[in-house]
Amino acid sequence: MYQPFQHLDSDQVASWQSPEMLMNKSVSRESQRRKELVAGQIVTGSLLLLLIFWTLFGNILVCTAVMRFRHLRSRVTNIFIVSLAVSDLLVALLVMPWKAVAEVAGHWPFGAFCDIWVAFDIMCSTASILNLCVISVDRYWAISSPFRYERKMTQRVALLMISTAWALSVLISFIPVQLSWHKSETEDHLLSNHSTGNCDSSLNRTYAISSSLISFYIPVAIMIVTYTRIYRIAQIQIKRISTLERAAEHAQSCRSNRVDSCSRHHQTSLRTSIKKETKVLKTLSIIMGVFVCCWLPFFILNCMVPFCDRSPGHPQAGLPCVSETTFDIFVWFGWANSSLNPIIYAFNADFRKVFSSLLGCGHWCSTTPVETVNISNELISYNQDTLFHKDIVTAYVNMIPNVVDCIDDNEDAFDHMSQISQTSANNELATDSMCELDSEVDISLHKITPSMSNGIH
């Protein structure tokens, strides 16, 4: 049978519908769109609120722990951890909430506060990154020259380093922003600012590149160099300690004529050495990986956006523009680093005990640490007593009193030492320790008188 409407497309069929039907469909689509928008706003707001509260909680916990417990407060190096926590706390207080409200509302509702907020954003983010850089330099200095570090790293020196980082953060934020040196001079930017409810933080090319160099690229280069050298020091000293452990175990085992035991000890020590090297590499990879993954995408875009072609007839045509949504996502990725720093830098053994005391969760808190984080702070420790260096030497001499003469003269394993960490779990001497040569101390196994009379020749 012939059907008169079977060859008509959807637009032609719609033209035959009554105005009431079309209006109802339009209202239905609009209602559905609003529901999806509200649902998206609720999800976005909830996630951002959770991120802000976690950042506040973690960094307040770090600051409270150091202020309330004297043994943490007495360590000079914890000043750097507190400074990092303060900068991250300011990110959560002065930067995140205002942007979160703007994300949910869909516009900037705070008017002229935009310029001050931009200055706070640049200052707090830069301070956080520079504090991470200072911590890496502090750790490298402590590991490469521990005795010199113990003498020269005073509270005054630490405060001077921190003050320099904060002063630089203020200089590249408030002064340029208040003098409007940071703004893009295009008509698009001038017309799309506070009057349209948009806090456009578009930067001119000169300021975008110079501020990115100071805030990120130079600090990340320093961190890569320092942590690479820390890994090399750790790798060398793990092998040296493993050599001494094998010699000591060989002497003790062969003293009882246990040949099979000698071979087993050698294989076990070699596996332990490889395991410890892997731990150090994993630790440093986490520290650098988290930092780079959070901040690198933003700073790449930050340098790209000023060179964008914003309109077809733009006089400074260049790269295609990045969408505002994409840019905002990577901005939040950078700020999220402030929520991860307390986990990475403060969750070592000492801090975990204090946190469990503050939170009142006792045994449950102390038995649920993140293992990788624990490794990161105990392998790269810089709060230990330098007397432990001498203890290691004495212990090894007691274990292998006269076997020292059998060691090749070219291998002065403990001419000068530096400690990276100290084990306490099973009393294995220097199992998780790493040593580094230091020109200020002359400790040689050949120069120490054996303390046991029944040594093996």
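All positions are counted from 1 along the displayed chain.
Quick reminder: no glycine exception, Cβ is built from N, Cα and C everywhere.
What Swiss-Prot lists as N-linked glycosylation site is ASN24, and the listing cites sequence analysis.
Under the heading transmembrane segment, Swiss-Prot lists 42-67 (among others).
What Swiss-Prot lists as topological domain 'Cytoplasmic' is 68-78 (among others). Summarised by DSSP class, the composition of the topological domain 'Cytoplasmic' (68-78) is 6 helix, 0 strand, 5 coil.
Cβ atoms under 8 Å from those of the transmembrane segment (79-105) belong to residues 41, 44-45, 48-49, 51-52, 55-56, 58-60, 62-63, 66, 113, 117, 120-121, 124-125, 127-128, 131-132, 134-135, 138, 155, 158-159, 161-162, 165-166, 199, 328, 331-332, 335, 338-339, 341-342, 345-346 of the same chain, restricted to positions at least 6 beyond its ends. The feature transmembrane segment is assigned by Swiss-Prot to 79-105 (among others), with sequence analysis given as support.
In the shown protein chains, 23 other C-beta atoms lie within 10 A of the C-beta of CYS199 (disulfide bond). Marked as disulfide bond by Swiss-Prot: CYS114-CYS199.
Feature annotation from Swiss-Prot assigns transmembrane segment to 115-137 (among others). Same-chain residues lying 6 or more positions outside the transmembrane segment (115-137) and placing a CB less than 8 Å from one of its CB atoms are 80-81, 83-84, 87-88, 90-91, 94-95, 98-99, 161-162, 165-166, 168-170, 172-174, 177-178, 182, 199, 201, 211, 214-216, 219-220, 222-223, 226-227, 291, 295, 334-335, 337-338, 341, 345.
The feature topological domain 'Cytoplasmic' is assigned by Swiss-Prot to 138-156 (among others).
Summarising the annotation, Swiss-Prot assigns transmembrane segment to 157-181 (among others) and lists sequence analysis as the type of evidence.
The annotation transmembrane segment is assigned in Swiss-Prot to 206-231 (among others).
According to Swiss-Prot, the feature topological domain 'Cytoplasmic' maps to 232-282 (among others). If you average pLDDT over the topological domain 'Cytoplasmic' (232-282) in this model, you get 70.
Summarising the annotation, Swiss-Prot assigns transmembrane segment to 283-309 (among others) and lists sequence analysis as the type of evidence.
Here Swiss-Prot flags 327-351 (among others) as transmembrane segment. Outside the transmembrane segment (327-351) by six or more residues, the chain places 48, 51, 54-55, 58-59, 61-62, 65, 71-72, 81, 84-85, 87-88, 91-92, 95-96, 99, 103, 125, 128, 132, 135, 286-287, 290-291, 293-295, 297-299, 301, 305, 369-370, 373-374, 376-378, 381, 383 with a CB less than 8 A from a CB of the stretch.
Residues or ranges marked as topological domain 'Cytoplasmic' by Swiss-Prot: 352-457 (among others).
Among the features that Swiss-Prot reports, S-palmitoyl cysteine is placed at CYS361. Same-chain residues at least 6 positions away in sequence with a Cβ under 8 Å from that of CYS361 (S-palmitoyl cysteine) are not found in this chain. Taken residue by residue with DSSP, CYS361 (S-palmitoyl cysteine) is part of neither helix nor strand, so it is coil.
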* Who are the chain neighbours of the transmembrane segment (42-67) in space, where the CB to CB distance is under 8 Å and they lie at least 6 residues beyond its ends? -> 73, 78, 81-82, 85-86, 88-89, 91-93, 96-97, 100, 103-104, 332, 335-336, 338-339, 341-343, 346, 351, 354-355, 358-359
* Asked: Around CYS114 (disulfide bond), how many other CB atoms lie within 10 A of its CB?
  -> 20
* To do: Name the secondary structure element type, per DSSP in three states, that contains CYS114 (disulfide bond).
  => helix
* Structure fact -> Counting only residues at least 6 beyond its ends, the same-chain positions whose CB falls under 8 A of a CB in the topological domain 'Cytoplasmic' (68-78) are 138, 142, 153-155, 158, 350-351, 354, 358, 382-383
